[in-house]
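Worksheet for the structure shown next.
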Amino acid sequence: MRYQAREVGVDGRVRLVLEGALTARDRVGVQDFVLLENFNSEAAFIENLRRRFTENLIYTYMGSVLVSVNPYKDLEIYSPQHMERYRGVSYYEISPHIYALSDNTYRAMKTSRRDQCILISGESGAGKTEASKKILLYYAVSCPAHQRMASLRDCLLQSTPVLEAFGNAKTLRNDNSSRFGKYMDIQFDFRGVPVGAHILNYLLEKSRVVHQNHGERNYHVFYQLLEGGTEEQLLHLHLDRNPQKYLYLVKGNCPRVSSMNDKNGWKALVKALSVIGFTEGEVQELLDVIGSVLHLGNTQFGEEEDGQTYVTTEMELKTLTQLLGVDGAALTEALTHKKLTANGEEMISPLTFEQAGAARDALAQAVYGRTFTWLVEKINQSLALQPLPLWWHGSSVIGLLDIYGFEVFQHNSFEQFCINYCSEKLQQLFIELTLRSEQEEYETEGVAWEPVQYFDNKVICDLIEEKHKGIISILDEECVRPGEACDLSFLEKLEDTLGGHAHFVTHKLANGKTRRVLGREEFRLLHYAGEVNYTVMCQSTNHIVEHCFRRGELVDQKRPEMAATQFKNSLTKLMETLMSKEPSYVRCIKPNDAKQPGRFDEVLVRHQVKYLGLMENLRVRRAGFAYRRHFEAFLQRYKPLCPETWPVWQGELAEGVSTLVQYLGYKPEEYKMGRYLVLSEYPVPEEIGVIQAAWRGMKARRRARRRRDAADLIRRLIKGFIHRHEEYGPDNDYFLDHVRCSFLKTLRRNLPRSVLDKSWPTPPPALTQASEELRQLNMRNMVRKFCLAILPEWRKQMDQKVVASELFRGQKDSYPPSVAALFLGTRLGDEHINLKVVQTLGSEKYGVSVIKYDRRGFKPRPRQLLLTGSAIILVEKTKIKQRIDYDALRGISVSRLSDGILVLHVLCEDNKQKADLVLLCDHVIEVVTKVAMMANKVDQVNVSQGSIRFSAARSKEGVVDFTRGPELKVAKGKLNTKH
């Protein structure tokens, strides 16, 4: 039996709808193209799109594919409330939305632990960039967060204005058209928290830097700089605010766009660069490159009588050397001469006037293109995954591909060829992954899979990329063959190699009708989306560009890959990346070329439906059983329709589903029972009126019951509050239990997080004693955790700091500045100590440089003070001058001032020690602390409030007096040493 989709009519009739709690507005047309009655009809497909677009329903499902139509206006469907509405909800339960696809992809990544990807495609102006922004915003707002999440989220969101400024431009079809392809990997940890990201860019349209069609602009950043840059910035760059003064900005004759504010764009760009982490120096160098491109465009050439080309704009050349930081003579030679290498010999020959202009443009394109690549690499550094602990594992990835759609212009160049080649590969991937996904689901459910007939565009991909015989290989060979390559020779080579191919046509090979629309220097490819005529793309490689950048490229004798081969290789890697992930799709459609809201151009939409392969995908999806639900969800949803399953089914789920579908009258060929899913050709019909009436009645009864329960609860709480000071009993038990439970919940949310946090929620009177016991238990637990978490080296550091605090806190002026500085294991490495001394003492020691004052004359002598496990060693270069065993050390004296004087008092009975040591050290707090601890003399440290007495030579006594002064000076007095 079949069920038709009908709308709600004025006569009260209802149409049969897909499940879900949807409003009547959401039910315009069908939400899922899979449920179209006439799924083979392109007209029915487009009519469904039009009806939903008219009601501002821009999203429609096609199985796992989301079809999005650009509304060309702001819709109030992207608020945080909408994000919350779609979070964690089954894909088909509410109306289609890009948030639903984003959330479904995220949940699939978390549950299956498999990498996912979202492929966004469509032509320029269809809303691809906006779609990717919405997906990024959803993940930034709705995903769990941690301490780095805020910084990563900001960098992730702020990367968009930077890439748009340098990679987007106004075209005839779109005021903010992305002129490059972008693939972004978002890394998630095992909890689903975003922890990093990485961006790959593809095929920046570098030709736009030097040429724009009428009505188009160069990249946004040039106009933003001229409009929003400060006077100081423009003066440094030697730029004027008028874009008409720059050759690279006037060719499109469109310096301003009504829908864009370049000054605001500049402010957003500067802010984004700062957030991402660009330094002021990097920003300035970036602006220097942008300014240099404009000055390159204004660089002009003249031609002498002998044909020699020279630069006529010396000021521009001088500015270029300043901004690019290159030698002026070398730049002049690079612009006016070419260097050829043959058989190991270099030959330099002048360029013609036309060649010099082409060399200048090629240099400008290369400078801008490589700057864009550097910019992406810099953004990737800010988004990079931070080093994680060893226990941090199980990370997954969601890839986001925002790439060009199929393009057909009046004149289609090399870049359109690459773009359409990319579209062919993506279409091949799209069909392959869709069929694979379908087949895997059928096999999982144990349902027989029947092969589906579809157009396989592998033949077109092979035509372009096949080794030795494909267009790209032929183009490479033609570019490097001896002699001057030309369009005609390339076209002849194509005709000789591909002349019999069904998808390749030239003027020579075409019939009479085709020849009238196909130029002699064009060839036609029959893509899956339609026919495209390309101008011949054979362009000689520009050696100036090869020699302008990395020095390694100057000495590398290998022939660099051609642009087409580079693009093919990067595209192959992208396909491998996408094949390793579970895909979801967003197909973007532009409703009209005028960018007007509410206008739906059927001819334009039909063309896009064709080249996006939507009808092809729909036929694949509908070839089997289009409607699928898990047993439990199916039974829960539809059990009211069958007396045997209502209100509760007691048996196995599969038996309940089988009973239900048989009662509904499904024929055996119209459904299959899998292992976990029921698969059918059509959705289950609903008797909407009866079900809605029963549902409204049940909801009303539930509301009434909730009100009664709420009133009873309020009465019990009020009564308990009145009797709260009485003994626990029937009158106050509920209230007191509630108060205790609330306090414990509050306590759980507000427990102190560290041993220094002394906060504690105020308990109710009945829980005062219990609260105090819990507070003490919590404190002991935090102290225990804190102590267990301290590493051995930090425990040692803390022990030393505690001793230093006991000795010097409030006693010595130099102690406060020393608190923040760590005590080091040694301040002299083995390389600073004589090898002989090291071999004598071993490697386990603390060392520091000191000044020792002689016993006679108190002359300063540089020494090394070494602390071993048993003694203090004083070393002069290669000689051990003195050894003081810790047992012979009777005390240590320092002053209360901020000086570094310390006196080591030794036992007079020790014949080895002639007198006390008077030392000067820059790290007196650290040294005294270590000596006191290692010698176990903490109690013998004296912080003198006045002078320090010490034993000098020949049993004499010396005194060190201290006076305050602006700088440290040590002088010998008549009877003592003054400091």
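The backbone N, Cα and C atoms fix where each Cβ goes, glycine too.
Database features, via TrEMBL:
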| type | residues | note |
| --- | --- | --- |
| DOMAIN | 29-696 | domain 'Myosin motor' |
| BINDING | GLY122, GLU123, SER124, GLY125, ALA126, GLY127, LYS128, THR129 | ATP binding site |
| REGION | 571-593 | region 'Actin-binding' |
| DOMAIN | 812-979 | domain 'TH1' |
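Sorting the region 'Actin-binding' (571-593) by DSSP state (H, G, I as helix; E, B as strand; all else coil) yields 9 helix, 8 strand, 6 coil. Local packing around the Cβ, expressed as the count of other Cβ atoms within 10 angstroms, is greatest for THR129 among the binding-site residues SER124, THR129. Taking Cβ pairs closer than 8 Å, the region 'Actin-binding' (571-593) reaches residues 49, 53, 62, 64-72, 98, 101, 104-105, 108, 112, 114-128, 131, 173, 183, 200, 202, 397, 399, 401, 405, 421-422, 425, 429-430, 433, 437, 599-601, 604-605, 608-609, 612, 614 in its own chain, all 6 or more past its ends. Neighbouring residues of the recorded ATP site, listed in sequence order and excluding GLY122, GLU123, SER124, GLY125, ALA126, GLY127, LYS128, THR129, comprise ASN70, ASN174, SER177, GLY405, CYS588, LYS590 (Cβ within 8 Å of the Cβ centroid). Sequence-distant contacts of GLY127 (ATP binding site), defined by Cβ-Cβ distance under 8 angstroms and a gap of at least six in the same chain, are SER68, VAL69, ASN70, CYS588, LYS590. Ranking the binding-site residues GLY122, GLY125 by C-beta neighbours within 10 Å puts GLY122 at the top. Using a 10 Å Cβ-Cβ cutoff, GLU123 (ATP binding site) registers 24 neighbours. Proximity of ALA126 (ATP binding site) to non-local residues of its own chain (separation of 6 or more, Cβ distance below 8 Å) is seen for SER68, ASN70, GLY405, CYS588, ILE589, LYS590, GLN608, given in sequence order. The Cβ of LYS128 (ATP binding site) has 28 other Cβ atoms within 10 Å, all protein chains considered.
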